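Taking it in order: structure first as structure tokens, then the write-up.
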Amino acid sequence: MGTSDYLARMRVEYGSVEKDGSSDLDVDWLGPDPATGWVTLLHQWMAEAEQAGAAEPNAMVVATVDDRGRPVTRTVLCKSVDASGVSFYTNYDSEKGRQLAAAPYASATFPWYLVGRQVHVHGAVTKVSAEETADYWSKRPRGSQLGAWASQQSLPIASRAALMQQLTEVTERFADVEEIPVPPHWGGYLIAAEVVEFWQGRENRVHNRIRVCGGQVERLQP
């Protein structure tokens with residue numbers, strides 16, 4: 001079997017009102033104020049993806065660009081959603097941190113394959129406040145805090161053993177420290193919700209797409 005045939009077998013037909021019981025996405029799902037209604041709908045869809053069995057439904061694929069204008073993507077975990085946008089936390093010295101410093105704009109996609117839905121958010125990127133970072137940091141498991149100190153994210157390393165040695169050294173360093181401080185190179189980013197698009201898979205690839213931009217709402221052709 002050729003590769004194209006193999007991939008063709010993976011095709012999935014999306015649902016309809018009759019098939020999956022979910023009504024067609026429409027602009028009224030955003031409520032009377034789309035500028036904030038998108039937040040409610042995103043939370044709702046995330047919860048429904050979790051109920052359907054999606055692993056880490058807050059996972060989002062974040063795209064940045066490198067110094068040659070080429071797109072780079074990776075999956076991160078969304079840690080807050082409000083009218084201002086969506087946030088995530090990372091090492092500021094990582095590849096994505098360096099790229100955002102040079103070109104502070106990004107897009108994020110929540111891909112909920114189990115329920116045939118996606119949400120796209122894109123806009124300018126800013127660092128969250130030190131207070132917000134400290135608050136989130138304090139809620140992280142101690143092991144995750146140690147990992148953030150141990151890893152020089154995105155830099156090459158000789159082996160797994162070398163990485164674990166760095167973790168051991170950091171663990172010993174903070175052995176008698178009850179509250180591990182936030183690393184100076186670590187914190188959050190907020191992707192502003194300049195544009196938000198909701199996508200719902202439908203039969204025959206005639207999907208539903210609703211876009212919110214600057215408080216304006218429009219339906220897009222699939």
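Just so it is clear, glycine is given a Cβ too, placed from its N, Cα and C backbone atoms.
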Item checked: Of the candidates R68, R160, R205, R209, the one that Swiss-Prot places in the FMN site of R74, T75, V76, L77, C78, K79, Y89, T90, K96, Q118, Q153, S154, W199 -> R209
Check: Of the binding-site residues listed here (R11, E13, R140, R205, H207), which is spatially closest to R74 (FMN binding site) when Cα positions are compared?
Finding: R140
Item checked: CB contacts for R11 (substrate binding site) [other CB atoms within 10 A, all chains] -> 6
Margin query: Cα-Cα, whole number of Å: W199 (FMN binding site) versus H207 (substrate binding site)?
Written below: 7
Next item on the list: Based on DSSP, name the secondary structure state of Y89 (FMN binding site): helix, strand or coil.
Entry: strand
